[in-house]
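According to TrEMBL, the protein carries these features:
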- 25-48: transmembrane segment (TRANSMEM)
- 41-290: domain 'G-protein coupled receptors family 1 profile' (DOMAIN)
- 60-82: transmembrane segment (TRANSMEM)
- 102-120: transmembrane segment (TRANSMEM)
- 141-162: transmembrane segment (TRANSMEM)
- 204-226: transmembrane segment (TRANSMEM)
- 238-260: transmembrane segment (TRANSMEM)
- 272-292: transmembrane segment (TRANSMEM)
Amino acid sequence: MDYRNKTTVTEFILLGFQNEKEVEILLFSAFLLMYMTSLIGNTMIILLVCGDYRLHSPMYFFVANLSFLEVAITSTVVPKMLANTFSLTKAISFVGCLTQSFFYFLLGSTEFFILVVMSFDRYIAICNPLRYAIIMNKQTCILLLLGSYLGAFLSILAPSILTAPLPFCGPNIINHFFCDSGPVLKLVCADIALAELVDFISSAVLLLGSLLFTGVSYMYIIITILRIPSVQGRQKAFSTCVSHITVVTLYYGSSIFIYVRPKKGDVMDVNKFATVLNTIVTPMLNPFIYSLRNKKVKESLKDASSKYISMLINLKPQQ
């Protein structure tokens, strides 16, 4: 059958959470608050790292780039989701849907590469501290960052190439609040076995492969920390890893649940809330995770707040 003549879908309908109006208003308010908190918090981390010389180190360089990715990912999904809450049609254009899906997975995949790089940074800092400055120099950090984006692009290239030309003949209703790969593939009016297989394999390789690398790094880190003679030294070394371990746990737990299951069954509602954890909750928590447990970030934030207050006081008499 020639499916090309039946490709009539020009837009998709995003069902979202399908609740009563009162519940939708409550969800809208909660998601908007979390989105704004995420934007403000992650932007604050970026500005602190860029503006404070005490944070000009490889670890904070990657933390700032992680914050940038958080802002980009949430902005790819959340604004449209919020707009659709009160929309009568809840529509997204065909091109807009594919574009949203592409950038969501590109940015999300980049995050996993960045998390791997951050575990490598902690490995060098703890297991090979005398050579840390030599190994993790500015050029290396930039190459690792560019490599993360390139690796993410290559990891989603095959699924994107297979999905883009597939025919969509209708229906056009996506049972999700954004254009996730699984719900979109269900609307294809052609054989999607190969596309689903490649999508699953690429997700499994990315998630489990990067998790394995991170796990091996932390295995060596733990062995090294246990060899430190003083309790204070062990606590200090481990404290530099706690924030990263927390973020890794949040990201990998929900992502593996969503994307690395051969038989996903009818658990779309569960997937929606797991995706909320990835796209809204974790980006909102990241600034708190990296600031509340980090002495340098707290000092930088305190100094920046003091300077801002002093500037306001100095400007007040002139008004």
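FYI, residue positions are counted from 1 along the chain as it appears here.
A Cβ is built for glycine as well, from the same backbone N, Cα and C atoms used for every other residue.
TrEMBL does not curate its annotations; it predicts them automatically.
Counting same-chain residues at least six beyond the ends of the transmembrane segment (60-82), those with a Cβ under 8 angstroms from any Cβ of the stretch are 14, 16, 28, 31-32, 35, 38-39, 42-43, 45-46, 49-50, 92, 100, 103-104, 107-108, 110-111, 114-115, 117-118, 121, 141, 144-145, 177-178, 247, 279-280, 282-283, 286-287, 290, 296-297.
When Cβ-Cβ distances below 8 Å are used as the criterion, the transmembrane segment (141-162) is approached by residues 58, 61-62, 65, 102, 105-107, 109-110, 112-114, 116-117, 120, 181, 194-195, 198-199, 202, 205-206 of the same chain, each at least six residues removed from its ends.
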